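Comments concern the structure below.
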Amino acid sequence: MAPGNDADLSVDYYELLSIPATASESEIRRAYRKTSLLYHPDKVKPTPENLDRFQLLQTAINVLTDAAEKLKYDQTREARQRRLAETAALESRRRKMKEDLEKREGGAPAAVNGAKRSWSDRELEIKRIAEENRRRREAAVAQKVQEAQARTDAQARENTTPSDSIDRSVKVRWVKEGEGLDIDQDALEENFSAGDVENVLVLKDKKRRIEGRDKKVLLGTAVIVFKSVGLAKKVVSQGPWEGIESVEWAASKEPDGT
């Protein structure tokens with residue numbers, strides 16, 4: 001499970017990555033790697049807009065590769081799309097009724113007044129139905145999100161065996177100053193032999209207190225997913241390398257197996 005998910009439910013992450021909602025995890029990761037290069041601070045000018053888009057892409061990959069978070073996001077996204085479609089249909093019906101009323105304006109005043117009253121009554125009924133549908137949709141979405149969260153909490157309480165992905169994941173931290181400013185996803189991948197790393201997720205920078213420093217320093221954090229548990233164990237056992245402050249298991253404990 002990718003840590004640090006903070007989904008913005010108003011953003012369509014599939015549209016952001018130019019992929020369909022049915023895309024597989026490998027297709028999602030491939031699209032993220034391709035799209036992130038367009039906004040990476042080391043590849044393009046780090047304007048506020050590019051930096052915001054790059055952060056948004058990191059959130060997207062975290063959410064869409066986390067089963068529980070993806071389920072909640074997909075349910076909310078589908079509900080939002082249904083709501084937009086129903087709103088568009090409602091507006092279309094209102095426009096048609098307005099056009100019908102305007103056509104009747106050429107008739108007798110009494111007929112026009114009657115048409116206005118009829119149109120007003122119909123509009124009120126449409127509004128009532130729309131509001132009732134909205135409440136039902138929101139209740140359904142809330143119920144699904146609650147059920148998904150309950151399943152996630154239950155799995156955590158049962159202390160089930162962690163997924164293969166988290167077993168192979170190592171968390172590294174480095175100080176964001178000097179040479180540490182040059183450490184990014186590409187630099188971390190290039191530190192290992194080709195084929196050893198499956199993915200690198202760069203998380204948000206945070207200020208922390210470390211040994212030997214009087215004040216908190218800004219630390220970069222990344223989760224490196226290796227192709228095997230054995231490779232991950234080797235990296236953890238060797239410890240920090242040049243420029244890296246700490247190396248530890250992403251799951252906070254060493255997994256079984258090799």
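Note: Cβ is positioned from N, Cα and C throughout, glycine not excepted.
As given in TrEMBL:
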- 97-106: compositional bias 'Basic and acidic residues' (COMPBIAS)
- 140-149: compositional bias 'Low complexity' (COMPBIAS)
- 12-77: domain 'J' (DOMAIN)
- 89-117: region 'Disordered' (REGION)
- 140-165: region 'Disordered' (REGION)
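Taken through DSSP, the domain 'J' (12-77) splits into 45 helix, 0 strand, 21 coil. Note on the domain 'J' (12-77): its mean pLDDT in the predicted model is 92.
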